[in-house]
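What follows is a single structure, written as structure tokens, with notes after it.
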């Protein structure tokens with residue numbers, strides 16, 4: 001078909017033209033969220049398999065993390081489509097710039113979730129059953145900031161959900177150790193996402209968005225410190241349960257140093273420093289994973 005003498009663009013051409021918008025909507029150009037979701041999932045795969053996860057499960061979970069994090073960003077922007085324009089850090093996002101429609105975003109969300117579910121079908125019945133929890137958490141988190149001061153707890157539950165799924169995929173069971181690691185990840189997520197919320201606090205107060213940063217108020221730094229100490233304590237318990245040795249313990253020392261550095265960054269509560277402290281948590285996840293890899297690699 002032609003329009004005014006010109007051929008209509010093909011579906012592929014239309015998609016190519018929209019690709020920069022979709023990349024912005026899924027945050028593929030900002031991988032920090034993917035890293036923070038991926039690290040605990042890799043911890044679980046390594047612990048469940050004692051350092052030797054199947055290549056099939058490794059592919060499924062790495063690709064699944066990328067897809068579900070992208071889906072989470074899409075539904076988050078859909079939920080925040082009327083408020084992102086009022087927040088300095090988010091006013092450049094596709095919805096805030098009127099670059100994407102609601103139908104487009106929901107369609108993209110459905111595609112990403114659908115492909116993720118297809119991946120899960122190659123695991124086992126227990127993992128498939130648990131995947132329903134992942135979808136429920138990813139879909140509800142964006143709306144929590146309007147109803148509770150604890151949306152970070154829901155985010156933590158969502159970001160840690162790959163842990164029971166990874167154990168289920170490797171062992172066809174979710175042992176008690178998995179839930180201890182899950183707890184550590186939830187607490188850690190609340191800590192770093194509180195720092196993220198501290199960066200947006202002034203804008204959030206103006207538009208009525210709730211967060212732990214607002215809940216904690218002037219006690220925010222102390223609350224984050226307490227959560228970080230608790231994270232270390234639970235991770236130490238995880239190591240004790242799995243009889244992990246020096247490499248893992250050294251990784252926890254590195255994590256402690258990184259937490260101290262983050263406290264140094266947020267001491268003035270500036271948006272720039274709080275966001276930098278949030279980003280630094282990528283190295284926390286990487287340090288723990290490296291400790292686990294070395295632990296199982298050199299285990300007698």
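Placement of Cβ uses the backbone N, Cα and C atoms for every residue, glycine included.
Sequence annotations record features per position, and here Swiss-Prot assigns transmembrane segment to 32-52, 55-75, 108-128, 149-169, 178-198, 222-242, 246-266, 278-298.
If one looks beyond the transmembrane segment (32-52) by at least 6 residues along the same chain, the residues whose Cβ comes under 8 Å of a Cβ in the stretch are 58, 61-62, 65-66, 68-69, 72-73, 159-160, 162-167, 169-171, 177-178, 181, 185, 189, 192, 238, 242, 278-279, 281-282, 284-286, 288-289, 292-293, 295-297, 299. Beyond the ends of the transmembrane segment (108-128), by six or more residues, the same chain brings 22, 25-26, 56-57, 60, 63-64, 67-68, 70-71, 74-75, 78, 135, 165, 168-169, 172-174 to within a C-beta distance below 8 angstroms of the stretch. Within its own chain, the transmembrane segment (222-242) has Cβ neighbours under 8 Å at 47, 177, 180-181, 183-184, 187-188, 190-191, 194-195, 212, 216, 248-249, 252, 255-256, 259, 262-263, 266, 288, counting only residues six or more beyond its boundaries.
Remote same-chain partners of the transmembrane segment (178-198), defined as residues 6 or more beyond its termini with a Cβ less than 8 Å from a stretch Cβ, comprise 36, 40, 43-44, 47-48, 152-153, 155-157, 159-161, 163-164, 167, 204, 211-214, 216, 220, 223-224, 227-228, 230-231, 234-235, 237-238, 241, 262, 266, 269, 271, 274-275, 277-278, 281, 284.
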